[in-house]
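According to TrEMBL, the protein carries these features:
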type: DOMAIN; residues: 7-133; note: domain 'Acyl-ACP thioesterase N-terminal hotdog'
type: DOMAIN; residues: 160-248; note: domain 'Acyl-ACP thioesterase-like C-terminal'
Amino acid sequence: MMDRIGYETTQTVHYFQIDGSRSMTPAALLSALQEMAISHSDSLGFSVQYNLTHHCFWSVVNWHLKLYRMPKYNETITLQTWSDKFARFQANRSFFLFDENGNKLLDGISRWIFMDSEKRKPANVPADMVEKYHSGQVSAIEGEKFFMPKTPAGRLICTRDFVVTRRDTDTNGHANNVKYLEWVMDDIPDAIYEDMTLKDIRIVYRKECLRGDTVTIKTYLQDTENGKEIESFLYEGETIVAQVITLWA
C-alpha cells in the first residue's frame, strides 16, 4: 500500500478479463481502476456499506486514460491510485499502472462528484473525508481539463439502440460507469479493434441511465495525425447521456 500517496495493489490478469488477443479488454481495465478506487475508500473507512448507511456515493463524471500497453493474460500488474484535488463536491483521482518490470502501462485521471443518494443531487464532501482522501500529490495527467466536444467531428459509421437491463446496474441504482465503455466497444470496427492499438480513452457522463431506459449509440470515425479517432455519442431520446472518444494507432 502507498503511504499517504494513496493505495496500491498487485493483481494477475485473469482469463475472464481478456479478449481474443489475450489482452485485457478496455472495460476490464476500467473495472480494475474502479475496484482500486473502492478498495482505497474501504481502507479509509468509507466503504460501500458506509455510503449506503449515510445515503451518499461517489459518481464518476470523467475519465482520461493514456495507454502505453494493454496488460496480457496471466501478467502480474501493479495499480496505484490517489486523490489529488478537491473542490466542494468534486474530487479528482489519479492512477498509474505498471508491469512486473516496473514499466508504466497507463497514466489515468478521473473526476468524481459526491452525491446525496436520497436527493440524487451533489453534496459537499465532509471535511473529515477530504482530510483522509487528499494526498497532496500531483495529478497523473497534469493540467487535465476533461474537455469533450458536444458535436461529432467524424463521419457516422454505426447506430444502435438497446435497453439498459438489470446486469448493467450497480448499488447506486444506475448503469455502472464501466458499462458505457463496454457498450461502445461493441461498435468499434473489427479492422480497428483487432489490428490497431488503443492509445487513449476519454469519457464524460452527462446523465445517469437507469434500468429500462432505451439508449442509442451513434459511432463516428475520423482520421487524425495521431491515428483513427472513434467518437461514440450515447443518447436517451434527444439527450446526450455520455460520450466516449478512443484513439487507435
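Glycine too: its Cβ is placed from the backbone N, Cα and C atoms.
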With DSSP as the yardstick, break the domain 'Acyl-ACP thioesterase N-terminal hotdog' (7-133) down into helix, strand and coil residue counts. 35 helix, 58 strand, 34 coil
For the domain 'Acyl-ACP thioesterase N-terminal hotdog' (7-133), report the average pLDDT of the model, please. 95
Helix, strand and coil residues within the domain 'Acyl-ACP thioesterase-like C-terminal' (160-248) as assigned by DSSP: 18 helix, 45 strand, 26 coil
